[in-house]
Amino acid sequence: MSVVTRFAPSPTGYLHVGGARTALYSWLVAKAQGGEFVLRIEDTDRERSTQPAIDAILEGMEWLGLSWDRGPYYQTQRFERYQELIDKLLEEDKAYKCYCSTERLEKMREEQMAAGEKPRYDGHCRDNPNVGGDKYVIRFRNPQDGSVVFDDHIRGRIEFANTELDDLIIARTDGTPTYNFCVVVDDWDMDITHVVRGEDHINNTPRQINILKALGAPVPQYAHVSMILGDDGKKLSKRHGAVSVMQYRDDGYVPEAVVNYLARLGWSHGDQEIFSRDELVEYFKLDDVNKAASAFNTEKLNWLNQHYMKTLPAEQVAPQLQWQFDQIGVDTSNGPALEQVVSLQADRVKTLKEMAAISRYFFESFDEFDEKAAKKHLRPVAKEPLVKAKELLGAISDWNAANIQAAINQTAADLDVGMGKVGMPLRVAATGGGNSPSLDVTLELIPQQTVLARIDLALEFIANRENA
């Protein structure tokens, strides 16, 4: 039997971290077995479902590299099929019309809660054909004896007594089918063999299994993934940082790091931390996913992100860095190749957003220096080293790191001063701040005439400081 998994988000918001992990696990199960991964948009909630949310989900999936083999399917395009099967259940007396008013149901629930009972439908219309009215819902006739048992890949054997389950509404008063019914029909029609989803769906599972059996459909295998917590042990929310997948793109994370991190968020393979996508496909097993909730650790994600920025081919990272520069309005058409910037800066930052922020001097002119760095290093004592450095740097005919370093060394030797007396003022002059990679390779990526002009700007700053 070919394995078919699915990811079935509701388009009522962005693709959040928990949903992305579920999608990844489903994708890995399919790819490991040479099966198919189906994308289904569960948009029956017409009031809350939006096209921007659908677009955000698709964008998030594409950014993570979770390509789907079939779909996206939309539940709102399948209402005829749902109605066909609802009619079938009605004809076979496996479903019935319920005319109970909202007032009656509310009163019933209040009385049940007052008596310390779990609120549930009391079956008033189940076997009462004389009840009538203009408005009705359709309820599934749930079995009243026996139990539903399924072996969850993550949680083991789970059993629900049918007496705990009331008769589920499968069609609303306006005729639209409900979530639990649509899911069942879709999983059947799309040949889904493995359902991977959040633990909040565990209570839906016995109801869905009963409907599947009533329809004569095969029952898929289930795996319910635990929730993701913040580092304080509470449910992950915006106060813990980004929860939208695309927010991580915006914040400068590479998709390889996010995929690696999400895979490890509740799953492990020995003590290995770094996984290529091929390794994830090879090693991932649902049975190895933890039952316990996982805590989101931003520091761990940052560590992974820096690892991937340093180890991925620079040409693969460069377009993502370009996107970050675009967001802050930096024109990179005049300046070094972004691959060079990536190689130079990757071990100095945790995100591409930080990399773009500290690399503006490669592409933009500036007329001010970092206040703290200038105060410390652009003092009158720095005037002579800067003048000498400008002279020797200006004499270079082949502008490269080796010749630049030789000029810096010669400046220090000619003035009989330590390298710091030359290097730090020159760094502030050339980059505008006190932090940069090694000065020789940094200056190599800045045009020679630009470096000389910036030294003049620094000398002017020192002169103004002396005259102040």
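For all residues, glycine too, the Cβ spot is worked out from N, Cα and C.
Features as listed in Swiss-Prot:
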| type | residues | note |
| --- | --- | --- |
| MOTIF | 9-19 | motif ''HIGH' region' |
| BINDING | CYS98, CYS100, CYS125, ASP127 | Zn(2+) binding site |
| MOTIF | 235-239 | motif ''KMSKS' region' |
| BINDING | LYS238 | ATP binding site |
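Positions of the features from Swiss-Prot, shown on the structure.
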residue	record	Cβ within 10 Å
CYS98	Zn(2+) binding site	23
CYS100	Zn(2+) binding site	18
CYS125	Zn(2+) binding site	21
ASP127	Zn(2+) binding site	8
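Taken as a whole, the motif ''HIGH' region' (9-19) shows an average pLDDT of 91 in this prediction. For the motif ''HIGH' region' (9-19), the DSSP-based tally of helix, strand and coil residues reads 3 helix, 1 strand, 7 coil.
The Zn(2+) site is set by CYS98, CYS100, CYS125, ASP127; from the centre of their CB atoms, other residues of the chain with a CB within 8 Å are TYR96, LYS97, TYR99, TYR121, GLY123, HIS124, ARG126, ASN128, VAL131, ARG139, ASP167.
CYS100 (Zn(2+) binding site) falls within neither a helix nor a strand when secondary structure is assigned with DSSP, and so counts as coil. In this structure, CYS125 (Zn(2+) binding site) belongs to neither helix nor strand by DSSP; it is coil.
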